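Here the structure is laid out as structure tokens; the discussion comes afterwards.
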Amino acid sequence: MLLSRLARVSREVAATSARSRKIALLGGLFRDADAEDAPIVIPYLAGRLPQGRLGVGWKILGQGVPPAAEPTLTVRDVDARLTRIGAVTGVGSQAERKRLVGELLAAATDEEQRFLVALLTGEVRQGALDALAVEGLAEATGAAPADVRRAVMLAGSLRTVARAVLANGPGALDAFRLTVGRPVLPMLAHTASSVAEAVGKLGACAVEEKLDGIRVQVHRDGDVVRIHTRTLDDITGRLPELASAALRLAGERFILDGEVIALDEDGRPRSFQETSGRVGSRLDVATAAAAVPVSPVFFDALSVDGRDLLDLPFTDRHAELARLVPEPMRVRRTLVEGPGDLAAAEAFLAETLRRGHEGVVVKALDSPYSAGRRGASWLKVKPVHTRDLVVLAAEWGHGRRTGKLSNLHLGARNPDGSFTMLGKTFKGMTDAMLTWQTGRLKELAVEDNGWVVTVRPELVVEIAYDGLQRSSRYPAGVTLRFARVVRYREDKRPEEADTVESLLTAHPGAAP
DNA sequence: TTCCGACAGTGGGGTCGCAAT
DNA sequence: ATTGCGACCCCACTATCGGAA
């Protein structure tokens, strides 16, 4: 199949807003892909590279290569070239990658170039990713969408499922079963604003500690342990203490879901940054593990002794977990009968926060494990802080925000009337707010360098955030975590904005 | 007819490792 | 030695479509 066909379909998918039409376009293309093309075409149309990332970014892509006049590139040709580009390492590798990317772009037409650049930078922006590609694949093969979706969850890979179902038809989907050693997409949680809201929605539920660490899925098959992240990357080699903990458990074959977190001597959680740094370090794992040991804390069991537990209610899965994993390695929890039992849930949240953790996850007791979906049966609740800050500057937006001032630079007040930047946010704005703030900030503009518009510090905005974290980027040595706009405070003058001092006082743990 | 679940888009900060400077 | 860059951790929120109620 020619790349030009793919690039054209991608443009057509981007041009329509109707999901049904996007699915039909994707399905039509997949139907024409042969078994060799499919494992390339499908991830491309889901906006992803089969090779994963290649170490190619704007630096290498922005070289301005004149396009080819006629389309000649096939998708298999492109795949082979990209595989070669990804394999380049060592001194001078960036120059060599740049040369190879230049050759590829020179062989591509204008439309193909634009598609390749979008693909390599992860900015396909066609309004269709994995979920719609799954629907398109179902349409192309006559399989039920739910069956394809489940196979993808269990395989942890759309590409593998696509190859099988295109080669052998819908019957091939039955072969995808939960298998120890093969990671599955983890179940995710929605957000609720309070424990009362969460318990009100779920009824009988478990309220569990939410730990601020790294999600892990642990597979053990006899003597072999594999550990995967939320995106299914294999990090077994980075967590030797977790692997040996898994080998000490009483079962021989299982899949567990949980979190790893660094704790201090008193058992209090260390900052997310410390856990993340530890789990991220790859070179000298023994030294890293000695300096910052991490603890596994499990909360679910997906498979035990060859039994697939995914469709069992959470109560039954947890019973299996409790048989296998001793209490200190399980997440702390309390059971709640329903809204009549709210006080117990509130008390548990308060106790969890006192122990230094992030919040709680409220889980329906009767729900199955919805792999790969943000099922509404898990609801996280975290405390939210708010502050009134001042807009110091704003950045021009991209994509659907092109032409709008989007990303705000936020400042807190100093005693002398100046402001200290604490971070940025683009979250929480409605389209109406984007339009309004673009006009208002243009009135306050003192400079526009084409990327950042600096403004007079006069506009006050109420910002919600999850806490302070240490920063080497911002002058106060701290920054806001997950900042988002709540509303503009035109009733407030900048002299009434909150101060750096008050923030540091409110979050003493983060002070530099 | 209205409501709501699922998706995609829009980017935030940090850390690590690698290659270039 | 320092800097720049990409990958991958954590993540909130709004708009939209289309099926469910």
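Numbers here mean position along the shown chain, with the first residue as 1.
Cβ coordinates are placed from backbone N, Cα and C, and glycine is handled just like the others.
What TrEMBL records for A:LYS210 is active site, N6-AMP-lysine intermediate. There are 21 other Cβ atoms within 10 Å of the Cβ belonging to A:LYS210 (active site, N6-AMP-lysine intermediate). DSSP assigns A:LYS210 (active site, N6-AMP-lysine intermediate) to a strand in the three-state reduction.
The ATP binding site annotation in TrEMBL covers A:GLU208, A:ARG215, A:ARG230, A:GLU259, A:PHE299, A:ARG374, A:LYS380. Other Cβ atoms within 10 Å of the Cβ of A:GLU208 (ATP binding site) number 23 in total over all chains.
If you look up TrEMBL, you'll see A:287-414 marked as domain 'ATP-dependent DNA ligase family profile'. Taken through DSSP, the domain 'ATP-dependent DNA ligase family profile' (A:287-414) splits into 38 helix, 51 strand, 39 coil.
You'll find the Cα of A:GLU259 (ATP binding site) roughly 9 Å from the Cα of A:LYS210 (active site, N6-AMP-lysine intermediate). Long-range Cβ proximity for A:LYS380 (ATP binding site), meaning a same-chain Cβ under 8 A and a gap of 6 or more residues, is found for A:ALA189, A:HIS190, A:THR191, A:ALA192, A:LYS210, A:GLY359, A:VAL360, A:VAL361, A:VAL362. Its Cβ placed at the centre, A:ARG215 (ATP binding site) has 15 other Cβ atoms within 10 Å.
Set side by side, the binding-site residues A:ARG230, A:GLU259, A:PHE299 differ in how many other CB atoms lie within 10 angstroms of their CB, and the most is found at A:PHE299.
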